[in-house]
């Protein structure tokens, strides 16, 4: 006979809570969870409301002891910053989980939900969930405080160009805006330097031979001093102020890659601490852009002209980008001169923009077969060589006419107006021109076709953005130069590729059927001028609003 043994199911028994008498599973404290929480608060010592500093100018949070960090709302970086504010109390408990509780972006409140554990009576582990409220307080950081003072800077870049026209600066301004190189600047100041000479100054000397130099002079300076502003010597420039030398060096590298220039660096000792071996310097970078602008007529040295493919010494600057782009109006030969080549073989502009004269085309013929000399360089495919007979509009009552070759053969027709320089009746003060044979110097050099400026301004349905900078004001001459730059954008597609052009919604779009042949910018090349506002939905990346 066999005995059957029944399996015994041993389940843990229940005990009564020593406080409230509720049946519970045995635990080291012999107390239910409700009674244990009523007797022990493991979150005691952890602050439920903490303040955190936020700079509204730079959108950064203060991280003790002395740093400011950029954090987006509900990001990991901001959560880590919030937990560091209560790091000491949290060291006594075990942090299990942490996360943000959604709040309005404008409420200046951040709520963090924490889950913590701690060993309590007789080895029992208690877990608790609670919310810590962070109050965002506005406080200006040290960097923004110095920026608002407008007198603090560690590095300055002085960009100068010894020309009368600002075309290169207008182009450089658009490049800076497109690539956001102005974001780290503390201040941008516009500089205009003129030279006051004697009233009988012929206006044919160079800038080094000029008289009294004045930076941003008032209009009455010449009357008080009894001098006159020289017509041929003036400098234009911009000063960029930075809070660190590294930002200034980055800007200098950008300038070297966009315009032909050279620079010199210097620094001045402000203070020093001999105990900690620390020094405080102010750095200055002097950047000089080549003194050549678009539509300038230049005379190359014989050695440089020969190295460029035996091109003529008298050339026209058709564009200034990272190099100087020249074209020979007699042969359509083009050449590019970088900054190093220019400073090795410098040359100056023969005429300034105010000497442009208006001519009317009497006769124009296209040159089909042109004999090229040995070793000739690249020929422009965008231009057509033409031979024209022209006459000054101011000399219509005379029979004096001029004959010249031009690179505008594809644009000119009899009766058109064209702008050019009259070299035959101009006093040229250039060492290379003085050594040339007079037969090789053209009487007239045509620059560009003339259109009705009033109609072009009225039909212009686009606009450009400008840098926020300190300047005295925009006089009539500056407005004329700016309009010249806008016309250059319409005429040259190569320059437009590097410029952000925005649609002007205030001007209606007109059809091209009533156009008189003036170049215009198509709608496909324009951008919409978007105004990005604050994110009101509270998504990640929304900034804290006041």
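Cβ coordinates are placed from backbone N, Cα and C, and glycine is handled just like the others.
According to TrEMBL, the features are:
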type	residues	note
DOMAIN	17-191	domain 'Nmd3 N-terminal'
DOMAIN	236-289	domain 'Nmd3 N-terminal'
DOMAIN	292-338	domain '60S ribosomal export protein NMD3 SH3'
DOMAIN	356-449	domain '60S ribosomal export protein NMD3 OB-fold'
Composition by DSSP (helix, strand, coil) of residues within the domain '60S ribosomal export protein NMD3 OB-fold' (356-449): 11 helix, 37 strand, 46 coil
Residue counts (helix, strand, coil, in that order) that DSSP gives for the domain 'Nmd3 N-terminal' (236-289): 14 helix, 32 strand, 8 coil
Model confidence over the domain '60S ribosomal export protein NMD3 SH3' (292-338) (mean pLDDT, whole number): 92
